[in-house]
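**Student:** Take this structure first; my questions come after.
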Amino acid sequence: MKGVRNIYHHSYTFLLVFFVMILFRPAFSLSTLSSTESLTISSNRTLVSPGNIFELGFFRTNSRWYLGMWYKKLSGRTYVWVANRDNPLSNSIGTLKISNMNLVLLDHSNKSVWSTNLTRENVRSPVVAELLANGNFVVRDPSGFLWQSFDYPTDTLLPEMKLGYDLKTGLNRFLVSWRSSDDPSSGDFSYKLDIQRGLPEFYTFKDNTLVHRTGPWNGIRFSGIPEEQQLSYMVYNFTENSEEVAYTFLVTNNSIYSRLTINFSGFFERLTWTPSLVIWNPIWSSPASFQCDPYMICGPGSYCDVNTLPLCNCIQGFKPLNVQEWDMRDHTRGCIRRTRLSCRGDGFTRMKNMKLPETTMATVDRSIGVKECEKKCLSDCNCTAFANADIRDGGTGCVIWTGRLDDMRNYAVSGQDLYVRLAAADVVEKRTANGKIVSLIVGVCVLLLLIFFCLWKRKQRRAKAMATSIVHRQRKQILLMNGMTLSNNRQLSRENKTGEFELPLIELEAVVKSTENFSNCNKLGQGGFGIVYKGTLDGQEIAVKRLSKTSVQGADEFMNEVTLIARLQHINLVQILGCCIDADEKMLIYEYLENLSLDSYLFGKTRSSKLNWKERFDITNGIARGLLYLHQDSRFRIIHRDLKVSNILLDKNMIPKISDFGMARIFARDETEANTMRVVGTYGYMSPEYAMEGIFSEKSDVFSFGVIVLEIVTGKRNREFNNENNLLSYAWSNWKEGRALEIVDPDIVDSLSPLSSTFQPQEVLKCIQIGLLCVQELAEHRPTMSSVVWMLGSEATEIPQPKPPGYWVRRSSYELDPSSSKCDDDSWTVNQYTCSVIDAR
Ligand SMILES: *[C@@H]1O[C@H](CO)[C@@H](O)[C@H](O)[C@H]1NC(C)=O
Ligand SMILES: *[C@@H]1O[C@H](CO)[C@@H](O)[C@H](O)[C@H]1NC(C)=O
């Protein structure tokens, strides 16, 4: 009986859904064109993508009609795709419809002017055309896409669109400019990938003549477009595998419109919509320098440098092929070697900040590093130069050139190291000239410096001991004195950095007043680097971090570093508001964040204080973006070194802010090179290579990030586990056995809990997988933060399978440094466990 009732029930529901669908059909089919419908010029109907971003329809320019796509909401039409660009309709009669499983565009005489030209068999009905949210116009049957406009770009690359080869179908997707501002027909310029040989790179052609190269992809950007900044809201990706070689980008903030275009003057530009000005703002364009960027402006064996006259220069060890021509400023024939390569006993000259030479004659091996690359080049008599294929992580992979070195230029900053092979005679010449003398001088200097440093350090220590006792006794007087030196300092810093960004210096007296003379009631927390107080300055709530006085860093150096950090501005970083400095006192003034740090929201005992899944996912994303910004901002790379949940603060909108960023880096400066054995971090978050060998890199931050992700998902602290059975191994063993969801915080899985309403198993699994990827044992296996952000932000990306995590077991030979003040809580909440661990070697 029960079963029969169920069947009735089901068919009833089905009918209801069916009627509702028919009733609301017009609203539902805004973005789709079914096989019975058509789009005509006269009907004025358009397709609109879900989310209202893109609109597809007919448009007229130069008294011709085209089928195209533009941004729905932006004023002024910006066309991102044109179907029949080279075959316009000559009058206002035109129809787009599905006919014979194909999408066709018919003119007034019902002749097809454009079609998807599909000849696939096994197509099933119904076939529909649909405009997707990302601007991809697709033709599909129930089994999937048959055709997509993303495969046939016009002059614009939208987010998620791929430029380059699909090796499975042999399709090369490239851009061709418009002919002029009102003529969408194929113009003179095209921008396409070349994968003939060696490292793939993009070329700009003008009527089939190569006019500009982007240079190969170096892991972060194209070697010849150093202008390509790392933007906080954008992730770039260049994929090279057996299925495809393609470039794509993703915009992580939905309210930002950005695109890449080859314009009809031949520039490849990144444009981002600026609502306040109602314009497309060019972020960068390439070629950027008309002097040095045109292809082969300097002949083979020479490179272009905008800061020299003439612009073309021979590579060291090379001379002009024809001196007379060269002196007449004709550099087209370039330079040749002074001495021919002999194959044995050759050496190399390092050229810094280069755009790498043309790669058609290059081969690449991604498995070896720069040392092996040098060996490989030496053992190949045809090798003329080599370089790293990927500049991340200090450089990996090996590109080897044979034959000529073409189309190089030199940059003032950025660019890449290129090692050019030279005959022994050309290398040795230089070495004997300076080599021995230089090494002697350097040796003596180092020795002298060491002696001075030791003497100075001893003196400092004594002075400090005396000073501290004075401070205690005569506090009032010292404050007065500090006020005086403060004004001196201010003068100094102004003079140093005229016209540059300047961090407000805040009067010591004001800080003292705002924190009620550093009263204990205002204490927010205590950390390795000092005590944090709450204060109020000009009505604004601030957090004052008073650095401990053991730091021997000079005032100037401190200012420089703080200014540097103050320039880091990102929604996911705590903002520095100012600093206060004096010979002895150094304080950092931060924005005060009302909410507590992330740990109290994760590990709180009561359900009401805990976060739901959506909040956790948003926070994970925010931390990833903040960290990506620290790691990859074009100006400087910062390794946080002490990332942990208690260093993630939440503002009133629950936006995560990484705090204490870069502090580790600042404070590492007051130690000498010999002292880098000192490992500062938090037990439970340190990567194995950092904890055991003191090696830190971006990948050690990635490791800490992975631990944080797993803590966010599970609601468990890593250090609540014991050594052998920690959070990482717990997550790993469950993952391996396909029981990953069992580690998720029970409160967000429990269907009775109010926290579970946003629970998304797929998203949670993705986070666990990413977390495990980040804590893999070998640093080189861990993803970079840009891949992490990419993986978190995109739904389609295939995420690699993680390898076992790395963790280290604290052995008895690790001691806590008794003299270090860092063995206490370094955060704004209480009960933390931050320790400085000294390697016992
Ligand atoms: C996205 O961009 C808009 C406009 O620039 C900005 O107002 C907003 O805060 C950004 N959102 C995030 C999450 O970054
Ligand atoms: C093409 O791009 C360059 C570089 O952004 C710009 O200077 C030029 O005005 C653009 N040309 C057109 C026609 O938009």
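Yeah, the Cβs are placed from backbone N, Cα and C, and that goes for glycine too.
Taken from TrEMBL, the feature domain 'Bulb-type lectin' covers 32-152. Taken from TrEMBL, the feature domain 'Apple' covers 343-423. If you look up TrEMBL, you'll see 437-456 marked as transmembrane segment. Residues annotated as domain 'Protein kinase' in TrEMBL: 518-797. Feature annotation from TrEMBL assigns ATP binding site to LYS545.
Thinking about packing and proximity, how do these listed features fit into the structure?
**Tutor:** Counting residues of the domain 'Apple' (343-423) by DSSP class, helix then strand then coil, yields 12 helix, 35 strand, 34 coil.
Around the Cβ of LYS545 (ATP binding site), the number of neighbouring Cβ atoms within 10 Å comes to 23.
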**Student:** Taking helix as H, G and I and strand as E and B in DSSP, count the residues of the domain 'Bulb-type lectin' (32-152) in helix, strand and coil.
**Tutor:** 3 helix, 56 strand, 62 coil
**Student:** What average pLDDT does the predicted model assign to the domain 'Protein kinase' (518-797)?
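**Tutor:** Its mean pLDDT is 80.
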